[in-house]
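As structure tokens, the structure follows; a few thoughts come after it.
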Amino acid sequence: MERVNHPDAQRPQGAAASAPAIELRAINKSFGPVHANRDIDLSVQKGTVHGIVGENGAGKSTLMSILYGFYTADSGDILVNGKTVSISNSSDALSLGIGMVHQHFMLVDNFTVLENVVLGAEGSALLGRSLSKARSELQRLARDYGLEVSPDTLIEDLSVGQQQRVEILKALYRGADILILDEPTGVLTPAEADHLFRVLATLRNEGKTIILITHKLREIMAITDAVSVMRQGRMVATVPTSETSPEALAELMVGRRVLLRVDKDEARPGDVKLAVENLTVADDAGVIRVKGVSFSVRAGEIVGIAGVAGNGQSELLEAIAGMRRPVAGRVIVNGHEVTTHGEAGAAELRQKGLAHVPEDRLRMGLVTNFEAWENSILGYQDEPRYGGGLALDIGASRREFEGRIAQYDIRPANPRLKTANFSGGNQQKIVLAREMERDPDILIVGQPTRGVDIGAIEFIHNQIVKMRDAGKAILLVSVELDEIRSLSDRILVIFDGEIVGEADPASADEGELGLLMAGVHNKEAAQ
Amino acid sequence: MSARVPLPAWVDRILLPVLNVSLAFLIGGIVVLLVGQNPLEAVQIMLYGAFGYGDGFGYTLYYTTNFIFAGLAVSLAYHAGLFNIGAEGQGYIAGLGVILVALWLNGTHWALMMPLMLVAGALFGAFWAFIPGYLQAKRGSHVVITTILFNFIATSLMSYLISRVLKPAGVSADESARIEAVTRVPQLREFIPFFGYSPVNLTFPLAIAALFGVWFLIWRTKFGYAVRALGFNPTAAHYAGISNARLIMITMALSGGLAGLVALNEVAGVQGRLILNFMAGAGFVGIAVAFMGRAHPIGVALAALLFGALYQGGQELAFSMPAITRDMIVTIQALVILFTGAMGEMLRPPLERIFARRAPAVARPAE
């Protein structure tokens, strides 16, 4: 993503004369023994985009929840526009002009855009007046900020990016001058994210103040004017964005030097281990999502599939993993054609030496209500090492997992802790340990570092490279282009269910890949 | 996003249910007061009636037997994410299996017959639950709907069979021929005179064994592992190579089989014949038992005992305090179901607030 133009990059200094939009002084908040926020000071200047970064659990969300009235601080002061205020619920926050766009949208799916915007701010018992007032207000907001959404469309018919736009409109409709966005790009395609940043730039130029919570450093660099870094409940730094770098921020977040690039040697590919021939796959609704795709992955190489989310990657992975029966075509694993796709197909694929790290660990890769050791045998529960016959050998399963806890540095080191209580990175390590330690010939990996801390990302990337160097065939699917470029030995680009191009990561140009991902087949057409 | 801190395990599993039951009794006590009776005296009569003497205790255990089987049936299905409302009908149909085998080999010694009647009852109950399971797995028809409908089908079918087919000539009541004494499941009083004339029989120890069996099945076998994976996250189960459709059908059948054991107690142990509506709501009480017992066998055992005591103690109360009618006993039972089932979570938020302040050892930040 390109840096969004700043018409007045000096604005933070220029506006410093007036009181900050938000000022927090010595905020403390504890949950029992966990000191989530310690003596937090934060000053957000009017008319700026202020980024807040930190690893999961650093206290960002707690801080924003205090600002939005979900929690009350144990001690400390909140100043809005220079005046000390007390915010004990979200209507207090709204009346002070603070609006929040949540990571998970708070919209009624079967209401129209207009109805959602008005919801909770109807004003009178009869809807007619407020709806027509809202309609003209929406048109004004759409015109001023580039937030076009058709007011009469149902939410369920909108894309995720458009739904987010409705969330922003809701906040603006309620008169928000200060917008808090919590991980806004987690659900967006790169194009939608770019559009969001343009909207945010417009909002800032119109004098709105924006607080952007994210863990993506590229976004911070692209859009913010100043950035604050949190680590373990403390505010460790606030710097103008122009005076810092992703590397410096990463180091502040983690507290040690972090390698943002992966060190790896040349690949030494061997025999073809995984071959996909003319594979056509439909989704649950019967829509064809993968259209006659063919490729192969050899031992000792990482083939990366780049693409914007929703272009058939999920269906492709599920078909290769045996979970989804293809409409046509073949999957050949270790020289054997896969025959038992569907119901219990995943079990056969595992026996044939294919391991699968799914795209969505919470939805698919883990049973979050299980204790960690129980998840460490998921998919392999029928193997004799976990007990002969009907019985499950709990002791053997736990002992094996205890070994992996040490090897993969899974924290906390408690095999009996409920999986939901681990952080995203540690949950992902539980999945990776399970799939990698089976010594599979083929590993297919979807979004290996989604929602994972920087420190864990480094570890996960190194594990994947280690698998490659051990001669495994690896298929990597990721929507993070950086990840694809730094890990892959070959890149395939998927668009609308077709492989539209192949690139060498060493020489591939990011712009060119971006165009392929956007479905522009030749460069001339784009210009 | 909320500031909720999970409750300590003992509060969650013990204090909360105890408070719920206490609240139900408190309101029940007010009802008793309203009809001009002394609630403390009523409690005393109920407790004595349920536990105070051999006959009463025997009756309590007899009811408990039914509720354990029905509660386990609902619990097992619940672990697979299936809400089996049909234990009532499954148990009823199982009565047909029990009586057919019993009358076929009538006069054979119980030691041989008990396993046969057990298998027959379990198979008939399993069959009646398998069909909704099949419809759920293969056709996507929701088991909640189909099991309710199957209760109605069972009621009509059994009424027809009992009154038109199984009723011997010359008998006026709608009931089957009688099972001979030697074939019937023996009463515990034959071994333990303490139980007086109460109908608690050898199915009770079988119910205790079933509690252990279901616990082992769910938490100590690979099958149980798969069932729990399916119940918590069907997508993850599919990812793990588990055939969800197959597992749904097997689990429903096992659940129906457990419900079918109610019929062994009622038909072969207590009535000695097949009568109309012998389930008398035991299948529905099983739902309350499973919920109150958190679908765990220990909880199911305690909840079944509570409801057994309520049933037996309530009868004694209606007998001893004429001002308190049968309907009022049912009201009190309904209050317990209401407070432990439907409103079982009502006291959770205040408890969470109290324990978040007092015992915050398990607290985690929002992120």
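Placement of Cβ uses the backbone N, Cα and C atoms for every residue, glycine included.
Taken from TrEMBL as is:
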type	residues	note
TRANSMEM	B:14-36	transmembrane segment
TRANSMEM	B:56-78	transmembrane segment
TRANSMEM	B:90-106	transmembrane segment
TRANSMEM	B:112-131	transmembrane segment
TRANSMEM	B:143-162	transmembrane segment
TRANSMEM	B:194-218	transmembrane segment
TRANSMEM	B:247-268	transmembrane segment
TRANSMEM	B:274-291	transmembrane segment
TRANSMEM	B:298-314	transmembrane segment
TRANSMEM	B:329-347	transmembrane segment
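Note: the stretches the transmembrane segment (B:247-268) and the transmembrane segment (B:56-78) are in contact (3+ CB pairs below 8 A, sequence gap of 6 or more). Contact count against the transmembrane segment (B:56-78) (Cβ pairs under 8 Å) is highest for B:194-218, out of B:14-36, B:90-106, B:194-218, B:274-291. Non-local neighbours of the transmembrane segment (B:143-162) in the same chain are 77, 82-86, 88-90, 92-93, 95-96, 128-129, 131-133, 135-136, 174-176, 252, 274-277, 283; each lies 6+ residues outside the stretch with a CB under 8 Å from one of its CB atoms. Where the transmembrane segment (B:90-106) meets the stretches B:274-291, B:298-314, B:329-347, the count of C-beta pairs under 8 angstroms peaks at B:274-291.
For the transmembrane segment (B:14-36), the most Cβ-contacting stretch among B:194-218, B:274-291, B:298-314, B:329-347 is B:329-347 (pairs under 8 Å).
Fewer than three CB pairs closer than 8 A are found between the transmembrane segment (B:194-218) and the transmembrane segment (B:329-347), and contact between the two stretches is not assigned (pairs 6 or more residues apart).
Sequence-distant contacts of the transmembrane segment (B:298-314) (same chain, six or more residues past either end, CB-CB distance under 8 Å): 13, 17, 21, 45-51, 56, 59-65, 67-68, 71-72, 75, 208, 211, 215, 285, 288-290, 292, 329-330, 332-333, 336, 340.
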